[in-house]
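Enquirer: Here's a structure for you.
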């Protein structure tokens with residue numbers, strides 16, 4: 001294991017070259033456009049497994065050739081790992097996904113390696129320029145720069161171009177758990193995106209090892225990192241994840257997670273194109289939080305949460321009204337002391353829960369308290385004079401300016417993210433954030449109100465603001481979506497043309513139906529779509545069928561926001577072949593079922609033991625079954641090209657008395673994300689009817705259920 005050399009200064013040169021390369025990337029734009037020119041690159045597609053892999057290998061071989069006479073060597077390895085593991089409550093399994101690993105080291109060899117990671121696969125129906133083609137383009141340029149150095153490197157670098165991140169980070173797991181180079185990796189940099197272009201933010205680092213962030217600070221020309229962002233992300237307040245988790249949890253190595261954060265409204269959509277990633281975002285990715293991200297941009301996004309602006313002025317009006325008649329000077333002093341006490345409470349709470357964000361309430365205790373003590377004599381002599389007011393505000397400038405940058409970061413990430421959540425109203429969340437923000441900013445300034453001669457005009461102003469906002473919200477003036485090319489904010493909808501077939505204990509078909517299964521990815525459901533497409537209305541909302549795994553549908557989602565519109569049956573040219581190979585009783589009284597599955601690159605397996613039965617072991621992960629829901633198990637499977645049949649088994653403890661429905665329901669769903677099987681006439685017709693401000697991501701799927 002590497003002994004950390006002081007603050008681990010060995011990593012500084014590599015971080016410095018990464019930072020420098022982000023400023024001058026002559027070939028990055030060309031690489032980016034070439035990668036995205038093939039279109040969406042889901043795992044298993046020819047675009048991902050052949051075209052993109054071949055392009056990357058071609059560029060790497062070119063770099064290897066032109067640097068052959070230098071002091072460093074380039075080694076290329078194409079890995080096709082297979083495995084399974086527990087991940088976020090479920091199980092993911094994979095077979096022959098793609099990794100391109102490039103090892104750059106002195107010709108004498110290297111004992112220690114730093115890992116740089118990007119992924120070139122995408123979600124369905126998105127070209128993925130920002131997520132994550134631009135990072136792979138950057139890494140090609142960095143590799144070129146390092147390989148052509150005239151001096152040997154002190155340690156080695158592994159550049160991992162992984163082809164299966166969008167499928168629960170399978171490729172990075174395959175590398176860090178199976179590749180022989182992984183044992184020499186001592187630190188990593190993960191290049192990612194939660195938005196499209198803009199600045200790059202260090203939003204995760206560790207675990208522990210503070211030397212790593214010091215190395216980043218030393219190397220980056222314009223470093224930007226936020227421990228607040230890290231704590232928000234690692235508490236899963238944002239429904240997203242990156243390869244950082246895999247390297248941290250399965251590799252137990254420290255690293256840095258950098259991501260584009262701007263314009264998350266078009267993340268994972270058709271709008272994630274190279275033209276939206278400005279040259280400055282590539283060449284000056286270290287120049288974080290530029291002046292173009294001002295307050296006007298934030299206000300534009302705030303109105304998306306329609307009711308939240310009403311709370312703050314109303315609350316202040318009520319408070320002012322209740323305190324009328326109390327001596328103003330006393331109330332002013334009381335407000336300051338109460339604010340200080342509340343911030344002390346917040347500081348104690350954050351510290352007790354080991355939150356690094358405790359530095360925020362610390363600033364809000366230290367600076368106001370020091371300012372008041374220093375200005376106590378001035379206040380006693382002259383009261384709330386102009387001089388006192390100016391000096392007081394100067395004393396609070398540092399924590400307030402810093403908090404403004406944090407609030408901008410929160411809105412930049414949270415506002416578009418809430419547009420991808422359908423389980424709770426985003427207005428309430430943003431309203432809460434705005435209210436607490438207002439309380440934060442006003443906490444140490446409220447006492448000025450009571451040092452004034454009259455609050456009449458303030459009350460009138462706040463009342464007017466509240467009334468105007470109430471009228472604007474009530475009349476529906478703020479429409480949440482737009483197709484404006486300069487700044488689209490699309491409504492996200494997923495549409496699957498699916499066929500469902502249910503088999504009984506005897507293997508015969510009990511029921512079958514087909515339809516367009518429609519999921520709203522935000523909380524508004526179909527209320528804005530129904531006037532345009534009347535067939536999609538509340539009469540076709542789905543109900544969970546409790547006797548079927550995952551409610552009898554080929555995915556997992558909120559029952560509240562699903563619609564099922566009858567449509568003709570689908571007939572993929574590569575249908576799922578699901579076969580029970582054997583059923584045998586063990587000496588422990590369990591029943592072992594072994595299966596074989598052949599099908600498309602993306603499949604899901606759902607297991608639901610019946611009452612009294614339970615799973616005792618299985619082929620997946622560490623062999624111990626892990627519940628995903630109260631009664632159900634979920635396994636997500638992905639494979640690359642030329643993968644063999646998927647074989648697995650599980651053992652079940654049968655109930656004391658087996659009922660007429662058997663001991664377990666097993667369902668297999670398939671998803672056709674690319675190729676000719678992805679489209680149907682009915683899907684295409686429906687897509688044409690959606691408004692321009694919507695982004696319907698569509699594909700074909702099937703759901704087969706069996707009882708044993």
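Start at 1 and count along the chain as shown; that gives each residue its number.
Here the Cβ of each residue, glycine as well, is placed from N, Cα and C on the backbone.
Feature table excerpt (TrEMBL):
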- 99-288: domain 'Peptidase M28' (DOMAIN)
- 325-473: domain 'Endoplasmic reticulum metallopeptidase 1/1-A TM' (DOMAIN)
- 488-706: domain 'Endoplasmic reticulum metallopeptidase 1-like C-terminal' (DOMAIN)
- 302-322: transmembrane segment (TRANSMEM)
- 334-352: transmembrane segment (TRANSMEM)
- 388-408: transmembrane segment (TRANSMEM)
- 428-450: transmembrane segment (TRANSMEM)
- 457-481: transmembrane segment (TRANSMEM)
Enquirer: Going through 388-408, 428-450, 457-481 one by one, which has the most CB pairs that fall under 8 Å from the transmembrane segment (334-352)?
Expert: 428-450
Enquirer: Just to confirm my parser: what is the rounded mean pLDDT across the domain 'Endoplasmic reticulum metallopeptidase 1/1-A TM' (325-473)?
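Expert: When the pLDDT values over the domain 'Endoplasmic reticulum metallopeptidase 1/1-A TM' (325-473) are averaged, the result is 80.
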Enquirer: With DSSP, how much of the domain 'Endoplasmic reticulum metallopeptidase 1/1-A TM' (325-473) is helix, how much strand and how much coil, in residues?
Expert: 125 helix, 0 strand, 24 coil
